[in-house]
Each structure stands twice: as C-alpha cells, then as structure tokens.
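A short worksheet on the structure shown next.
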Ligand SMILES: Nc1nc2c(ncn2[C@@H]2O[C@H](COP(=O)(O)OP(=O)(O)OP(=O)(O)O)[C@@H](O)[C@H]2O)c(=O)[nH]1
Ligand SMILES: [Zn+2]
C-alpha cells in the first residue's frame, strides 16, 4: 500500500468515502509487472499474472522517482508486449528491500542497484583469479546493510583449496557452498529456490558458467530481451532478472567497477548479528563497536564467555572492510 494512501485515509473526513478520482487517477486495476532489465530509458517488464514481457517507459506522473531492476510496477497503455508496443510505468509498488551502492567509498551519491531481492550471493573463485577476502567481506556488509540473507558460493574447487576461506567465514555463520564446473548443483538450487537472489562477483570467477548451468536458456533470454528492446545482442550494463526453472529468480549483475559502501550504517549491520546486538546495551554511548573502543559490550561479552572471540573479531573485520578501499 502506498504511503500517501495511508495518509489520505487518516486525513479524509469520515463522511467522504468516495475515492479521490478527481485528484488523481486510480491505477489499482493496472497490470503489475516486475522490471527485468533497464537499458537507456527502456524498461523490460515481466507481467506477474502471465509472464508476458512488455517494453515500457516511465510516465510523467512518476516525476523523478527512480525505477530499478526488481521493482514491481503498474503499467498502462499498450501492455501487449507486441513488437513495437510501448507501455507506461505509472507507479512503483513499495520496495521490500533495496541493494545500494555508491560508486566509491567517498562518493556521497548512492544508487539503488536492485529492489526486492531477499538474498545476496557472493560468487568468488578459489583460484584464477584467487579469492579476495576483503571483497567477500565488503559484499557481506552490503547484504547485511540491505537486510538481505547472505550466501557465498566458492567456485573452481578443482584448482583451489576452499579451506582458508571457509576458516575466515565460519565465525560469521554465513552459508557457503563450494562448487566446480560439472559438479552436482542441487545444493545451490536448494539455496536459491523460492528466493530472489542477487549474484555479485567480479569478472572471471565463473558466474556466467554457474548462471548457464542453473538457467539453461539464460543466453537466449538475454539476447531475446535485448532483441525486444531493439538493442540487438549488445551486452546490457544493467542487472537482469532471470527466472529459475526450479522456482525463484536470480538477478545477474554486470561486473561493477566499484561497490562503494559509503552509505552503510553500523547499526544496520549489527542488527543481522542477533547475539552480538544483544550485548550492545552495555556499550558506552555512541560506541562504534570497533576494536579500538574502550568500553564495548562485545569485549565484555567475550570476557565473560557469552561470545566467541573469533566471532567478534570476524564481525569487526567485516565492519572495518567498509572503510578499506578494495576496488570492486
Ligand atoms: N578450472 C575451472 N575453471 C572454471 C570453472 N568455472 C568456470 N571456469 C572458467 O573460468 C573462466 C571464467 O568463467 P565465466 O563463467 O566466464 O566467468 P564470469 O564470472 O562470468 O566472467 P565474465 O564473463 O568475465 O563476467 C572461463 O574460462 C571458464 O571456463 C571451474 O569450476 N573450474
Ligand atoms: Zn560497542
């Protein structure tokens, strides 16, 4: 429900039950779809009721409101999806989650990359290229900040040893799946089924190999969508939603050149660590929970055995990763 609908209901005098059709059109009957990808002002939207694919543009009433991949939107106009048809997006439904990034850590402008995803999957390879622990940490911070469930997929186990990365991630209690090309991917399918998962990973880690194994017609979908939007086979720089044949969907992202975390708030990260959060009422006021804090509840928790030292250390490591410029 829209915020302003709520206000309208509270502020409107009781006797007036008539809908405010004069004030503004009512789009409640308009088709609802999910934004699959965006390319230079053209939105590819999949209708929720019948999976039909529609090309649309933003309508004027939306003003400067942004529309991002994963958004659920109301459509009017030509929603047939026929060749050459163009629908208009007239409303963005409330977002359940937003994944944000800033271009750099000191860039004040944050952008929303994807809306409505509930899981963030960090794809990292164990060799060729070697894993960059700081980068995994930073992706986890983005997940916790967004209130998304994290999952790490380590690829290329045939040429790299997962042990060091597993040791590093274990205290964080983040699920990890180790794979290699040709292996049974059922554990991955199980973790993804029913979720909307954003896949993050830099170039060369095997993300395309994984996506193609999970979505056998991923390449075809991508080129089909590009054909519908008239952009040919050119690779889109936008994220793209792919429906999974076993339920749920993944949002494949292009390799971002940077994934700045300037917008991240410590409070939102620690909220994902229920056990750590529980002891922070013992912190001094304004505590950042860093190792340098003189009176942090986390240290008290370790001292009296309520918390595992490794867990607090790992939490502090990911917390500080947001201030370490590890280019992504
Ligand atoms: N040894 C090994 N190589 C793999 C595995 N998975 C993928 N590769 C290779 O790693 C390289 C990169 O794989 P991609 O799937 O293209 O990786 P990507 O992350 O999509 O990279 P971009 O396409 O650059 O974004 C390719 O040469 C793959 O053949 C694996 O499990 N083991
Ligand atoms: Zn503290």
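Quick reminder: no glycine exception, Cβ is built from N, Cα and C everywhere.
Cross-referencing 1-28, 29-56 with TrEMBL places the feature region 'Disordered' at 1-28. Under 6 Å, Cβ to nearest atom of ligand 2: this is the test, and of the binding-site residues 207, 209, 289 it is passed by 289. Separating the Cα atoms of residue 201 (GTP binding site) and residue 287 (Zn(2+) binding site) is a whole-number distance of 32 Å. Taken over all pairs of the listed GTP-binding residues (155, 156, 157, 158, 201, 202, 203, 204, 205, 206, 207, 208, 209), the Cα spread reaches a maximum of 19 Å, rounded to the nearest whole number. The DSSP secondary structure for residue 157 (GTP binding site) is coil. Distance noted between the C-alpha atoms of residue 203 (GTP binding site) and residue 289 (Zn(2+) binding site) is 34 Å.
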